[in-house]
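Enquirer: Okay, here's the structure, questions in a sec.
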């Protein structure tokens with residue numbers, strides 16, 4: 001039996017994707033639409049207060065293409081807090097005009113593939129804590145996609161030795177380091193939580209960097225032989241004070 005990688009786990013993560021039912025929203029009176037937006041703004045401004053206490057974070061993006069219109073990403077210390085947020089969001093009047101298109105449940109994760117030997121408690125290391133309990137960068141653009149490590153008769157990631165996986169992940173990580181300062185990456189583990197094994201969330205002020213890093217990593221052995229991917233979502237940041245314009249119908 002191959003040795004399983006150990007993980008450090010941080011905040012729980014919930015990506016929620018919605019399409020706006022513009023046809024139904026268009027039929028609502030303007031004063032009702034204004035009230036819907038005000039209620040939504042108030043809700044999201046309230047959930048964002050966790051930033052000041054460093055007990056979570058969130059990000060809101062306008063997704064490009066027909067897979068979704070909105071992405072709401074929430075990070076919290078407990079899974080049940082994500083349940084509460086989702087339930088309360090579904091009770092908002094705007095929810096009657098939003099169609100869920102996708103969601104992803106996971107937890108911020110760091111593996112021990114590239115970790116050095118140390119006797120210290122990793123959860124007390126400031127650098128590790130900043131990655132497990134992050135302050136999101138709120139860059140102009142976001143990219144999210146789920147992924148698996150392939151396991152079939154020809155290529156099975158889970159049958160490789162720890163040493164083989166460490167070597168592959170080292171080479172994989174060296175490509176990522178080339179994009180330091182251009183892309184901020186968050187890996188969330190989802191084995192037992194969702195249909196894929198990991199979620200990858202990328203932030204950048206230059207949307208083209210997403211294409212560059214994903215394409216370059218296609219030639220990396222870790223990805224070429226063992227990577228399997230779900231749908232990609234990309235979008236531009238939207239602030240709550242921009243909702244009036246976003247939901248405006250002339």
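One-based numbering along the chain as shown.
Cβ from N, Cα, C; glycine included.
Computed from a predicted structure; not experimentally measured.
From Swiss-Prot, for reference:
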ACT_SITE  145  active site
BINDING   131, 145, 146, 147, 148, 149, 172, 185  Fe-coproporphyrin III binding site
Enquirer: Out of the binding-site residues 131, 172, 185, give me the one sitting nearest to residue 145 (active site) by CA distance.
Expert: 185
Enquirer: Among all protein chains shown, how many Cβ atoms are found within 10 Å of the Cβ of residue 131 (Fe-coproporphyrin III binding site), not counting that one?
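Expert: Around the Cβ of residue 131 (Fe-coproporphyrin III binding site), 17 other Cβ atoms lie within 10 Å.
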